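**Student:** According to TrEMBL, the protein carries these features:
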- A:4-124: domain 'NIF system FeS cluster assembly NifU N-terminal' (DOMAIN)
- A:CYS35, A:CYS62, A:CYS106: Fe cation binding site (BINDING)
- A:135-185: domain 'BFD-like [2Fe-2S]-binding' (DOMAIN)
- A:CYS137, A:CYS139, A:CYS172, A:CYS175: [2Fe-2S] cluster binding site (BINDING)
- A:233-296: domain 'NIF system FeS cluster assembly NifU C-terminal' (DOMAIN)
Amino acid sequence: MWNYTDKVKEHFFNPKNSGVLDSANAVGEVGSITCGDALRLMLKVDPDTQIIQDAKFQTFGCGSAIASSSALTEMIIGKTVDEALTLTNRDIAEYLGGLPPEKMHCSVMGAEALRAAIANYKGEAWEDDHEEGELVCKCFGIDAAMIERAVTVNGLTTLEEVTHYTKAGGSCQTCHEKIEEVLEEVLAKTGALKPAKKHTPGTVGLDAIKPLEPKAEPAAAPKLTNVQRMQAIMSAIEEMRPQIQRDGGDVELVDIDGKDIYVRLSGACSGCSQSAGTMMGVQMKLVEKLGEFVRVKPASLMPAHAG
Amino acid sequence: MSQGIYLDNNATTRVDPEVLQEMLPLFTEHFGNPSSMHGFGAAVGGKIEWARKQVQALLGAAHDSEIVFTSGGTESDNTAILSALEAYPKKREIVTSVVEHPGVLALCEYLEKKRGCKVHRIPVDKRGNLDMEAYRAALSDQVAIVSIMWANNETGTIFPVEELARMAKEAGALFHTDAVQSVGKIPMKLADSAIDMLSLSGHKLHAPKGIGALYVKRGLRYRPMLRGGHQERSRRAGTENAPGIVGLGAAAQLALVHMGDENTRVKALRDKLEQAILAAVPSCFVTGNPDNRLPNTCNIAFEYIEGEAILLLLNEAGIAASSGSACTSGSLEPSHVMRAMGVPYTAAHGATRFSLSRDTTEEEIDRVIAVVPGIIAKLRSLSPYWQQEAGKPKEFAPVYS
């Protein structure tokens, strides 16, 4: 059972302004039939004052769709067309005391019907560019279509970046598998791991969602080529081996994956309670040598496809 | 709400008070671990074996050792399919239907994506009947297991599982059926059947939630999903859910007693409800195959209105039902079962399931018959697809995204 507010219930069980408005001079029809929503909004606008004198709706949809439509008409009657245009879907949701994240699209439909109706009044063409997909992140109400858009527009390649740009997966973290699936699909479609384009925050979908601040890049050291960098890592590890071997152990470089350096500890090191300390030591040495931040990880943590 | 009319028995049923009575001593009195070497444990072990015999009797199985207790339908489904793939590692294909429960469908999708399995999903026609030609074509010696439900949870439509199982056997594939909705409503004799594995769930037949069983035919190659202790002859490790198992045993015993009632009185009530609604409400129709379905299930698609709104208004009237609408599930798509049958979106969203049980009374059905037409009319008066005056759908072409 959905957790609807009393306000939503009030507008669902006793909707205001439902039905046909015969004197309408502006009509907006929007909908997403696959999602089970469709809304016809009818307005009567006074041509002299531009004030919306009356509004009625007809809605095919669930409880919150009907409540959102009813709330919308109450909110816009008496406003001028321009005042009404400043309303966003969040205003509708707030008016209703909030909607479950799965139901935010109902408020979006209301806001779009309003824009469609006003475009119709002004004689402009109006196109619905709103897309919806499966809801992925329930904490922030982010759907698959929005993640796809964020990934494509910004050239994102990792789960972390998706979280930074859309907030998806940033709270309870239970949707990480789904986010990675969306990510994989998009990357597979776009010919995959192209170098990430310059990140341009703010170009993603719903305007109300602002990207988190990207992490500050560490101060740029003299830029090494990939070959130089690899050689530097290899020689740093070689330098450390004699010391580790004196304790009866050994360390071996297994792979370099961007900022992740995978090593294998062997001999006395494997299973030793100090091995985490040894890893930290290797990491500090590498950070110092390379002048950039890297993470040293045990080879056992390598992603399966690389192993 | 406590005095409400409950017509959502395909979702879950009320625990029968007699079942509860059988269970209660297992919590405080006979609380021992059946694996223990003392009297506390032995008493519980005996109860579990009694329960196993009741389930055996309900399924008409040849041996009580063919019953493996699990946590429910989903675990049984997952165990059956994964077991077949492990027992026959060279066979990498699975045959299932498009209208299965997510317990099967989501697993198959996962196996397809992550484990390289090939999944054949057999389509259904407009009435929900399986495409037998497509089924025949999908079978081959590459198929490890066929998993097709006995009866559909949304429409109640029954599949010819015995025939399907024989065909699977000829092709050398195992046959599993998710019988969660049909156990207790359809008489079964698995001893004479070609069915290799069968899933059932306690809470669909007046036992509690969290208990179910997997029938595994004697001699079948089987690999457990949960490894650990030797419980259930090492086929399902983990200390037995003793109260749940005893509850399921008691419920199985009662189900045999009441099966006649389900197929006569309950069926008649279902038919009465359905005919009255069809007569009183324009533009609605029964989904699935009305001539071949479970006796307790009725699924009516009300055109031009949306299911969640129907459920909310029914709930206000104290009536509990269920819907294939997108909005009740949190996903944005209407029920995969409705879409598979090609039910138009405007009707699929309004598909409403009434599922009765032996607890349902005639007074309750009369109440529902009295209330439903008004609810449908109220919502249609709000719908842009519905022309009030004419009582007919009207032209409405919104911009679809």
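The backbone N, Cα and C atoms fix where each Cβ goes, and this holds for glycine too.
A quick note: this is a predicted structure, and the numbers were derived from the prediction, not measured.
Burial and contacts for the listed features, if you can.
**Tutor:** Within the model, the domain 'NIF system FeS cluster assembly NifU N-terminal' (A:4-124) carries an average pLDDT of 90.
A coil conformation is recorded for A:CYS62 (Fe cation binding site) in the three-state DSSP classification, outside any helix or strand.
A:CYS175 ([2Fe-2S] cluster binding site) falls outside any helix or strand according to DSSP and counts as coil. Sequence-distant contacts of A:CYS175 ([2Fe-2S] cluster binding site), defined as residues of its own chain at least six apart whose C-beta falls under 8 angstroms from its C-beta, comprise A:VAL136, A:CYS137, A:LYS138, A:ALA168, A:GLY169.
Per-class residue totals from DSSP over the domain 'NIF system FeS cluster assembly NifU C-terminal' (A:233-296), listed helix then strand then coil: 30 helix, 19 strand, 15 coil.
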**Student:** Since the record lists A:CYS137, A:CYS172 as binding-site residues, which of them has the fewest other Cβ atoms within 10 Å of its Cβ?
**Tutor:** A:CYS172
**Student:** Using an 8 Å cut-off from the Cβ centroid of A:CYS137, A:CYS139, A:CYS172, A:CYS175, can you name the remaining same-chain residues around the [2Fe-2S] cluster site, in sequence order?
**Tutor:** A:VAL136, A:LYS138, A:PHE140, A:ILE142, A:ALA168, A:GLY169, A:GLY170, A:SER171, A:GLN173, A:THR174
**Student:** Please name the residue among the binding-site residues A:CYS62, A:CYS139 whose C-beta has the most neighbouring C-beta atoms within 10 angstroms.
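**Tutor:** That would be A:CYS62, with the highest Cβ count within 10 Å.
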**Student:** Looking at Cβ-Cβ distances, which residues of the chain lie under 8 angstroms from A:CYS106 (Fe cation binding site) while being 6 or more apart from it?
**Tutor:** A:ASP37, A:GLY61, A:CYS62, A:SER64, A:ALA65, A:ALA67, A:SER68, A:LEU99
